[in-house]
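These notes are about the structure you will find just below.
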C-alpha cells in the first residue's frame, strides 16, 4: 500500500547488522526475512551487499505476544535492513560526522562472547556515533536448552529448567563484563530501565527463531521513541550514499544506493563522487525490490519505479557511472545554482579521506571511500603511519612512493591493498604488497609485517654484537698448547661465539675464538654452565700467555655494550649482567668512560 505524502511522518529506520564471522548475522537476517538467502550464497557467507525492507505489519504480527512487555504502536513504515558482510560495507554507509545507519544489531555468538571482529565493529560504531544493541545468538546451543520454534525469548525462557536459566545468565554477564571493559553499560533487555544509557542484550536463536520477535519489537520501539527527530520525513530532493558500483546485464553500470532523506525521481539530475572527479548525470531508471525480498537476490524481480521516498535501498541506472565511487554521497540537484555547492561538499568529503604526506609510512589502497576511511581510522588507532591513502588499483606511483619509504624505513615500505589489484605491466620492484578482503585481517597482516621486519633487523643487529661472556680454562683439558690453542673450558656466565675476541683479567688481549665443539660437533654458541672445547687463534701459548685454570672474558667494544644495554635489555640474563659489571671494571683501567651512564 502506497502511503500518501500527507500521511508520511516518519521514515523507516536504516538498520545495519554486524558481527564476527560465523556468529550468525546472515542466518538471523534470513530468519527475519523468511527467505533462504543463506542457501543461495556460496560457502554460506554473504557475498555482496543487500537491503531488505520489513514492513510494520510484519513486526506487529511477530511482536503480538510481547505487547505487555513491549507495548508498541508503530508509526514508522517498517525497518530497512542493510545486509553487510562484516563492517566492510557498513563503512560505505558513511555520512559526514557519522553514518547513514540509524541503529545497528551486533550479532554475537553467546557461547563465545565478543571476538576480534565484534570489537572492531564496536569501535567503528562508536566512531560513527551509531547506537547498537546486541543479538546474543545461538541460545539453542546452551546445554539443556529446549528449543521452541519462532516464539519470543521471554516466552521460551519460562519453559527452561532453572539450571539452564542460570547458565544463560552467566553467559549474558560474561558479555556484560566484556562490554564494560570497552566502556559500555549493558544488560538483558527485559531488565533495563533506561535504554539511553544501557546497551540492550537480546538472547536469540537465528536457527529456531526464538527471540527474533523481541529483537524486531525492540528495534522498532527504540528507534521510533529515541530517534524521532532523525527519522522525520523530508519532502525535498534526495540525499543518499553509494553502497556499491556494479555492471548489470541489460542496464550497464549501475549504483546501489541507500536514500536516507528526501525523494528520488526518474529523470532527476544527480551529483556524486567519482574516482577521477565529480560526476553529474541524469537518472535513467530506479529499481527496487519487493518487501521481504533481498536486493541482491532479486535481479529478475526488480521493479522499475518512477520515484522513491527515504529510507530505501535502490538501484540507479544512469550514464557515466563507470567511475562512480562507493562510499560517496549522492545528491539530487533541483536547481543548477546549487551544483557548485554540492560539488565542493563532495570534494571536501573525499579530500578528508584521501591522504598524502612525505612521512615514512605505508601506502594504502582501497576500493571505496568508506573502506579507505575505516582502514585509515584503524591504522591511526594502531599508531601506524600512512604516507598515501587512496582509492583505485595499485599504480606505478604507489610503487615509487613505497620504494622511497623502503630505503629509509624498511618496515613501512609496503603497499596494503583492500579489494584492489595491481595495474597490468607494473614492475613492483621487490615491494611487498599485502592483499586482504577483511579490514581487521588486513590490519593484522600489516602489524605482523612491521613486527617481522623489525625483529629480523633486530636479529641482524643483535647477531653482529660481541656479547659479554666469561670462561674458565679447565685444568687437565689442554689438547693443543700453541696457536691455535685447543682447550676445554667452562662458561661461567654470558655467552661465547666463534670470532669473539678474548681478554685476560688484566685487560690484555689473548686471541680470538676460532671454533667451539662438543663431542666433535661444531656449535654456534656456548652459554652458562656448558663445558666445551674451543680453539683460540692468536699469539698465544699455554704456560706462557695463559695457564690452566685462568679466567678469560670476551672483549666487548664500548659501542656494542651500549647497543646491548639500550636496545636489547630483555636479552640480558642475570649471569650476563654480572659479567658486564666485571668487564666494565676491567676495561675502565684503560678507558674511564667505558660503560659510563649505562643502567645495568
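Every residue gets a Cβ built from N, Cα and C, even glycine.
Annotation comment: Swiss-Prot describes 10-227 as domain 'tr-type G'.
Residues or ranges marked as region 'G1' by Swiss-Prot: 19-26.
The GTP binding site feature in Swiss-Prot is assigned to 19-26, 83-87, 137-140. Within its own chain, residue 139 (GTP binding site) has 110, 145, 153, 168, 203, 204, 205, 210, 211 as residues 6 or more apart in sequence whose C-beta sits under 8 angstroms from its own. The DSSP secondary structure for residue 139 (GTP binding site) is helix.
As annotated by Swiss-Prot, region 'G2' applies to 44-48, with the evidence given as similarity to another entry.
Swiss-Prot lists 83-86 with the feature region 'G3'.
Per Swiss-Prot, region 'G4' is recorded for 137-140. Tertiary proximity for the region 'G4' (137-140) is limited to same-chain residues at least six positions away from its ends with a CB under 8 Å from its CB atoms, namely 19, 23-24, 28, 107-111, 147, 153, 168, 203-208, 210-211.
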Sparsest-packed among the binding-site residues, when each Cβ's other Cβ atoms within 10 Å are tallied, from 19, 22, 25: 22
Tally of residues which DSSP labels helix, strand or coil - the region 'G1' (19-26): 2 helix, 1 strand, 5 coil
